[in-house]
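Visitor: Dumping the structure here so I can ask a few things about it.
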Amino acid sequence: MKFLKRGVALALLAAFALTTQPAQAYEKDKTYKITILHTNDHHGHFWRSEYGEYGLAAQKTLVDSIRKEVAQEGGSVLLLSGGDINTGVPESDLQDAEPDFRGMNLIGYDAMAVGNHEFDNPLTVLRQQEKWAKFPFLYANIYQKSTGERLFKPWAIFTRQDIKIAVIGLTTDDTAKIGNPEYFTDIEFRKPAEEAKVVIQELNMNEKPDVIIATTHMGHYDNGDHGSNAPGDVEMARSLPAGSLAMIVGGHSQDPVCMASENKKQVNYVPGTPCAPDKQNGIWIVQAHEWGKYVGRADFEFRNGEMKMVNYQLIPVNLKKKVTWDNGKSERVLYTPEIAENPQMLSLLTPFQNKGKAQLEVKIGSVNGLLEGDRSKVRFVQTNMGRVILAAQIARTGADFGVMSGGGIRDSIEAGDITYKSVLKVQPFGNIVVYADMSGKEVVDYLTAVAQMKPDSGAYPQLANVSFVAKEGKLTDLKIKGEPVDPAKTYRMATLSFNATGGDGYPRIDNKPGYVNTGFIDAEVLKEFIQQNSPLDAAAFTPNGEVSWL
């Protein structure tokens, strides 16, 4: 397949319309039924959750039933992923997501966008994952610097009935910023919106599809307000010629894109209720939250070159809510009827699940003394476990200091060998490590608020590289890394997504321009830190009265 050089293609944009003009294979005045199914941000959740939610076995049952229904009505199905198959569940991470890709094969995925977390591993791992997958990895806007060539297929062509459908893959150019830089030495991430214009032109000149769809990993931001993130799907849709894409199957921001009103998503979407997708500049935009919690279903009618959406829904995959009864007892109940797990998928995945569990018992490091994480300590005083966790987050983010709720530390680690299971007992919640760049004045305001969190509560803060004296709601002698805070200087703070979004009453920082969600799970970050720094010296992390409350 030959592709036009970028500059030539851009120059031709002014001369050619982006609407498709195919050599038509479809019948005039005939209505075709096309169903697009989609998921995104799978993050290693090939197995059901501890509450029996989602998982690829139930997803296969659901997708199979939809395929059967659509086929009975004379229609066709295309199944797409918005990327980020990697990173999030130890049983998957330890096996380079092999169970996830093999499970996706069995379900019958047609294509996926390459997400930023596909680059959490070296490129050799991603190439191995391509070999496991029986569907193409699409990424139009990543190039090899040394050759100027694309590293992945920019698009794939599918024929459904007599309709020629092109699917483009695009990924956030933030990947270079939030990923591991050692893997990007010869990789260039170009602006996806600009690359989309080039690719659409290439397609219309060379392939002449009837329909063009983009599967993306760029994020959905209400009204295009992307803050410090790179522009997402909304911004791209607005930048393209109207209707040049039939739809964008998105990912990255991990939202149910269910609109409450124009340019505003529902804040707390309830599973099983109606979901109105976004539409910008004649282009539908969809996203199915995360982890396989939903399968998105978009039913289209194609007639005489036009794609019309006639139905859209997010279908929950065994999602449950916690209900407390009058007698005080509580249980988790399904939002919608239960979806049975597919036996063939269970047969495929069970050995991987068992292998992953066994690997959790493997030694990852050691420590020469107790790392104190007991509830009776972390909610009252600074502890060496808190310092180790925050040191790991600081190392991963390049932060100047770190803060987190003591209640997020759930266990101690005894002297001796450390296993991954030990780490997961300390940090079992799967929070994301995040950071924010703030002015010195903002740091003072933030830490003053955090210092109000009282002992004997989960909100009591564990801190690293911070010293102060707190008295009567004010801080004195506040220092970061031993130096007084400069109001005009910029500081980077590492914390967890839970606290960043206001958890435990902490000030929200996820709306700040300098906020970045790294996507890295807290336990994985701690595990890597232990591996790189073992044997740990417990005494080296012992607090020394840096912070005090009078």
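Cβ atoms are placed via backbone N, Cα and C, with glycine included.
Straight from Swiss-Prot, here's the annotation block:
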SIGNAL    1-25  signal peptide
BINDING   Asp41, His43, Asp84, Gln254  divalent metal cation 1 binding site
BINDING   Asp84, Asn116, His217, His252  divalent metal cation 2 binding site
SITE      His117  site 'Transition state stabilizer'
SITE      Asp120  site 'Transition state stabilizer'
DISULFID  Cys258-Cys275  disulfide bond
BINDING   Phe429, Phe498, Asn499, Ala500, Thr501, Gly502, Gly503, Asp504  substrate binding site
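For each feature listed, report its degree of burial, its nearest neighbours and the pertinent distances within the displayed model.
Guide: Mapped onto three states, the DSSP output places Gln254 (divalent metal cation 1 binding site) in coil. The Cβ of Gln254 (divalent metal cation 1 binding site) has Asn40, Asp41, Gln287, His289, Glu290 as same-chain neighbours under 8 Å, each 6 or more residues away in sequence.
Residues near His217 (divalent metal cation 2 binding site) in space but far in sequence (CB under 8 A, at least 6 apart, same chain), listed by position: Asn40, Gly82, Gly83, Asp84, Ala113, Val114, Gly115, Asn116, Leu170, Thr171, Thr172, Gly250, Gly251, His252. Under DSSP, His217 (divalent metal cation 2 binding site) is assigned to a strand (E or B) in the three-state scheme.
In the structure as shown, the Cβ atom of His117 (site 'Transition state stabilizer') sits within 10 Å of 26 other Cβ atoms.
In this structure, Cys275 (disulfide bond) belongs to neither helix nor strand by DSSP; it is coil. When other Cβ atoms within 10 Å of the Cβ of Cys275 (disulfide bond) are tallied across all protein chains shown, the result is 22.
Under the DSSP three-state reduction, Gly503 (substrate binding site) is assigned to helix.
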Visitor: Excluding Phe429, Phe498, Asn499, Ala500, Thr501, Gly502, Gly503, Asp504, which residues of the same chain place their Cβ within 8 Å of the centroid of the Cβ atoms of the recorded substrate site?
Guide: Ser405, Asn431, Thr495, Leu496, Ser497, Tyr506
Visitor: Round to the nearest Å and give the CA-to-CA distance linking Ala500 (substrate binding site) with Cys275 (disulfide bond).
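Guide: Spelling it out, the Cα of Ala500 (substrate binding site) and the Cα of Cys275 (disulfide bond) are 27 Å apart.
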Visitor: Taking only the recorded positions His117, Asp120, Cys258, which one has a CA atom nearest to the CA atom of Gly502 (substrate binding site)?
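Guide: So, spelling it out, the nearest of the recorded positions is Cys258.
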Visitor: Can you give me the Cα-Cα distance between His43 (divalent metal cation 1 binding site) and Cys275 (disulfide bond) in Å, rounded to a whole number?
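Guide: So the Cα of Cys275 (disulfide bond) lies 23 Å away from that of His43 (divalent metal cation 1 binding site).
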Visitor: Determine, using Cα-Cα distances only, which of these recorded positions is closest to Asp120 (site 'Transition state stabilizer'): Cys258, Cys275, Phe429, Asn499, Asp504.
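Guide: Closest candidate to Asp120 (site 'Transition state stabilizer'), judged by Cα separation, is Phe429.
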Visitor: Quick one: pull the CA-CA distance for Asp504 (substrate binding site) versus His117 (site 'Transition state stabilizer'), whole Å only.
Guide: 28
